[in-house]
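A quick write-up on the structure given underneath.
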Amino acid sequence: MLGIWTLLPLVLTYVVRLLSKCVNAQVTDISSKGFELRKIVTTIETQNLEGLHHEGQFCRNPCPPGERKARDCTVNEDEPDCVPCQEGKEYTDKGHFSSKCRRCRLCDEGHGLEVEINCTRTQNTKCRCKPNFFCNSAVCEHCDPCTKCKHGIIEECTLTSNTKCKEEDSRSDLPWLCLLLLLIPPIVYVVIKKACRKHRKENQGPHESTTLNPETAINLSDVDLSKYITTIAGAMTLSQVKDFVRKNGVSEAKIDEIKNDNVQDTAEQKVQLLRNWYQLHGKKDACDTLIKGLKTADLCTLAEKIHAVILKDITSDTENSNFGNEVQNLV
């Protein structure tokens, strides 16, 4: 009895090992069958393009190019019922089992494309670049505009390559550059000559630039400016008057004094400043000093204006004097 109880664990261990081997064998067999099933399905999927397609039932052959399947096969290895694709809008270019045709490609003009070959039931639309556009990629989804050359063309633009342009050649500008260098010296000479002539004309004395009789020319340098001070002051700005008198002997202290005495009246400041200068300078050559001083300060227009006023007045006085003398001679 004791021996039986001793052998029982050994028997149970053997049974467990035997059952384990059986289970492993079954699992291995199931895995092997699963692999074989996947292999069969893969083979069937591959054969879809070769003549068999499983969709409900197996169809023996695909629909030819330009057609699509109208309905599923009802019997294994039956012939499919195929109908044509819509001409000009759809196509299929190889045998297939699909119930749909492919949509024809559109050639987008906005991307530089145009139709080369129209779409048929068995062939998709073929696009190409429009004139003056190119595409250098294998599949053209868009075309780029050809480059426009400024300095000449090496190679014209084609459907597959851009224009090759000549680079700007500095030597082409050489003749123009030489011509410009030849023209510069005479142009500079003419400009300088005119500037010198203008400068000489501006620096001429009042009696040199205007044709006067000898008597008027002599008296112009000694003309009494006191009666013209107000007119001259009215033609000048305060800063111009200050600048002139400062350069011609009037001290800063005197300028400040006149300013403080006439703080609210700039017109009176100008008159008093010019009177003070005239008193310091004296009558002799005062007119010439005033005219030349204004021209030196680049106030030629103002100098000519003042000179014209004085000259007109002197000429009028001279004519009146001559008229009086003629009357006396007649008497």
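Each residue, glycine too, has its Cβ placed from N, Cα and C.
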Candidates C104, C107, C127, C129 - disulfide partner of C119 as recorded in Swiss-Prot: C104
Residue among C82, C85, C101 that, according to Swiss-Prot, closes a disulfide with C63: C82
Disulphide pairing with C101 per Swiss-Prot - partner from C85, C107: C85
Cβ packing number for C101 (disulfide bond), 10 Å threshold: 20
C63 (disulfide bond) to C196 (S-palmitoyl cysteine) - Cα separation in whole Å: 100
Between C59 (disulfide bond) and C119 (disulfide bond), the C-alpha gap once rounded to whole angstrom: 29
Cα separation, C82 (disulfide bond) to C129 (disulfide bond) (Å, whole number): 36
Cβ-based isolation winner (fewest other Cβ atoms within 10 Å) among the disulfide-bonded residues C119, C165: C165
Spatial separation of C127 (disulfide bond) from N118 (N-linked glycosylation site) - C-alpha basis, Å: 9
